[in-house]
Each structure stands twice: as structure tokens, then as C-alpha cells.
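*Asks:* This is the structure, below, for whatever I ask next.
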Amino acid sequence: MRFDPEKIKKDAKENFDLTWNEGKKMVKTPTLNERYPRTTFRYGKAHPVYDTIQKLREAYLRMGFEEMMNPLIVDEKEVHKQFGSEALAVLDRCFYLAGLPRPNVGISDERIAQINGILGDIGDEGIDKVRKVLHAYKKGKVEGDDLVPEISAALEVSDALVADMIEKVFPEFKELVAQASTKTLRSHMTSGWFISLGALLERKEPPFHFFSIDRCFRREQQEDASRLMTYYSASCVIMDENVTVDHGKAVAEGLLSQFGFEKFLFRPDEKRSKYYVPDTQTEVFAFHPKLVGSNSKYSDGWIEIATFGIYSPTALAEYDIPCPVMNLGLGVERLAMILHDAPDIRSLTYPQIPQYSEWEMSDSELAKQVFVDKTPETPEGREIADAVVAQCELHGEEPSPCEFPAWEGEVCGRKVKVSVIEPEENTKLCGPAAFNEVVTYQGDILGIPNTKKWQKAFENHSAMAGIRFIEAFAAQAAREIEEAAMSGADEHIVRVRIVKVPSEVNIKIGATAQRYITGKNKKIDMRGPIFTSAKAEFE
């Protein structure tokens, strides 16, 4: 809270120790639900794949490569030019783009009657306007998502009525079937490189060093732990009349060394794609220490991580490219799996989807989901809660029956005296579980005493909810006393006995934590004898 510096300086000159000690009053005391760890500073996290993409971009730029964006939509004729006799096999794994045809819609007398029945009598002029908009749609002058607004604007009727009219009067719109085009989504970055390099030569002279990191699409038979139908390719090219296979080896080492790879093996690729010069297509195997001993088939530290080769003159000639081109590519997701210790590409890419990813909440995250249910709403109510806790701390071991005054003052316009009491004989003011604390430990939410037995559970302060049973009870008592003051009651007693569930001691668990604990067969265990009461007497 704010304070007056001049007054503080004056008071400090008169009595420094007193002023220093009273500095505590200048610091706001958080309410139970404002305590750490519920008060937290959240931070954004980059997605592992995009994080890896950014690191790859920086790595390529450091090596002197210039970034380029290649065409994503590629006509099948380009695939034939690039892959030759392999084109059909490549196209078999491509996604073709399709679109809905635009029907030639006629308006008969029967349909005119239906239109007038839905929109009201729009007359011959209105029907003619509908005809013109439908004709413009057929010719491609009006887009599909503009059809309803265009008719609505022409007739000055609501979009909802027009949409209803189209659905009921023109059922052919609902019966449209998509028709495939010759356009495909690229399955290899290579498809884009040929187009880009061929076009660039009209304006620039080689040598060129380019890289591109972008999506590719491949119609896999199924997705699994190592394959997705859409993935990111981190690809580069060097166009230079003197480029060789050794340039590919050098680029592989220079790029991958920046990600912790230490040793490299280069092996001829058995695939022998027709867009590469024979015997230049090379697989890159690299050693990464993070893989050693991992629970994967790469536990020896070695993994196939990239492929490079020299583009074939027969493919380059189709684009009038007169220079050799070295191309290297790697899958971003595979690299991201190594950097982020991910065993499954699906869970790495789509961690939010339950079928792909195990749900994990840390003890710290669970602790943030623990709250006090009823809390006082006035400053006086908060003072009452603090006073009840203070008396229980001072006199909790006192034998009963007993009563200790806790607070006296005015609440909601009424004078009140608050005491902590235990009327039963042969017990104590507070039961043995009164000072249990709420902690999360190994996925469980527990109410336990801070004793040697539970020492491990209290080592992580971020997993401690910062709530004791007695504090939650005192908050409920204070809130009920506020309500009693407003209702005109003469006396109000709040009791807590043996607690079996969190709600019996005024504690609630967030719905997310409850779902997680139920799904993981973990437990919420808050039990124990608290046995104390707070009494309010109003004047």
C-alpha cells in the first residue's frame, strides 16, 4: 500500500527501530485465496515445433543462407516435370485440392411462389435481382460466402430469411459434391524449389544460398508415433556451378552441430529418387548425447536426421536451370523430438488432444487449484478470521470446556463479540487435525500435519496450498458472522467437527484438478478431527 515518505523519514529520525518494525503495516496481507501459489506470474511458452523452427531459421541465417518462401500449392504437371517416371508414385501420396462446382440454378414459377412465401411478395423486380445474383455466383463474380449477403442487400431483407430461402428453395446447393482439381498440396519442399529457382534466374545470377522452413503434406496410410500427414520441412539449396556432394556434408555438419550433434555418418540412400543425380542422394546419420540410453530405438545415440543430394540436370532442365543445385532437407518434428525429449510426434505436435498425449499436472499446478470457499467480505470480517486463528494457535492445547475472547468491534453496523469455544468436556480447544496443511504430493491433494513423517511433502513450497484447516474454518466463521450481522441475529455459532471431505472444512478443489485426479486414480484426502467452534454475540 502507499505511504508518505516524508512522514516515514520524520518518524525514523525520532525512533528508527519503531518505524522500521511498523513497516510491516505498509505491506498488504493477502487473503487466503490471494496467497502463493494461487498468486502466480504466468509466462507464455513456445510450441516445441515452432521453437525448433525458429532455432533452425537462426541457424541457417548464421550460415549465410537467405530465407525464401516456396509455393505451397503445386500443379500436378510440375510433379511430372520434376519426378519423371516416379511422378505417379509421388502423386499417389499427394493431397489434391477440390472445390464445389457452381450449379446453374433456374427459377421456375413453383420456385417463385416458394420464394415469395418465405421472403414476402418481392415482385418481378425482386425475382430478377435474385436471378442476377445467382448468375453472378455461377460466373464466379460472387463468392460462395457472399451469396447470402448479396441477395439480402439486393432485396433489403434479413440474412436469416435469405439463408432459409436458399436451403428450402434451392436444394441443389446441399447436394453439391466436391470436384478435384489438378492442384496439389506439396509433399516435398523440392516441388517448390524447382519453381522458385527457375523463376529467380530471370532476375538474378547464381550462386544462391537459400533456405525455407514450411509445411508439407503427405497422404500417409495412417499416422503413428513417427509420422503425420502434415509436417514441417527445413530445406536448403545451394545453386553453384561448382557445388558437390561435399557441400551437402558440410552444410549438414554446420547446421546440426548448432543443435548438439557431435558425430556424423553419410550413407548412400537406397531410394535413388529420379530428381537427384545418381549416387548423390545421401542419408545423414548424426550422434546426439541426449539420445544415449533413451527409451527409443536410438538409444545408442545415432539417428537418421537429414537427406541431401544434387538435383538431376534432367529435372533442372525442365525449368531452364543451367547450374547444379545441392538440396538438403530434414523434418522439423524429428529434430524437435530430440530437443524436447518427446517419444511420440503426435503428443509433441498436438499435446492438447487427449488421444495423442498423456495429461500431466505437476504438484505445483494442482496446488494452484485449491481454494477457500467462503471468505469474509469486509475488513472487519478478515480481522475476525485472523483473530480466531490467533486464539487457536495460542490456546489450542487448553483443556475443555473453555472459551477465549478473540475479537470485539462493529461488523456491518452491529456491535459483536467473537469468542473461540469448545463446550464439550475432556477434550481440547482444538482437535489434533486443526493445524493440518493442504499440500499436493505425488499427484495427491492431502491435508496433513507438518511433521517428520511428511517431511518430503513439505520440501516443495510451490506445492503447498498455503491453507491450514483452521484458517479455512476461520474464514467460514467470519463470513457467517458477517451474514448473521446483516440478518439481525442475536447470536451465531459456527462449529467444525470431524472432517471427511474438503467441503466440510470450507475448502474447494478446482474442477480441472478434480478431473485430473479422477482420471489418474489419484486421491483428495482431507480428513481429521478439528473440533472447535466460534461464537458471535451481537448487541
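For all residues, glycine too, the Cβ spot is worked out from N, Cα and C.
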*Asks:* Check Swiss-Prot for me: it has His188, Met189, Thr190, Ser233, Ala234, Ser235, Tyr275, Tyr276 binding substrate, so pick out which one of Asn242, Asn295, Asn327 it puts in that same site.
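*Replies:* Only hit among Asn242, Asn295, Asn327 in Swiss-Prot's substrate site, alongside His188, Met189, Thr190, Ser233, Ala234, Ser235, Tyr275, Tyr276: Asn327.
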*Asks:* Determine the C-alpha span of the substrate site listed in the record, that is the greatest distance between any two of His188, Met189, Thr190, Ser233, Ala234, Ser235, Tyr275, Tyr276, Asn327, in Å to the nearest whole number.
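*Replies:* Roughly 18 Å, rounded to the nearest whole number.
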*Asks:* Sort Thr190 (substrate binding site) into helix, strand or coil using the DSSP assignment.
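*Replies:* DSSP call for Thr190 (substrate binding site): helix.
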*Asks:* Counting across all protein chains shown, how many other Cβ atoms sit within 10 Å of the Cβ of Asn327 (substrate binding site)?
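*Replies:* Within a 10 Å radius of the Cβ of Asn327 (substrate binding site) lie 26 other Cβ atoms.
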*Asks:* Let me know how many other Cβ atoms fall within 10 Å of the Cβ of Thr190 (substrate binding site).
*Replies:* 28
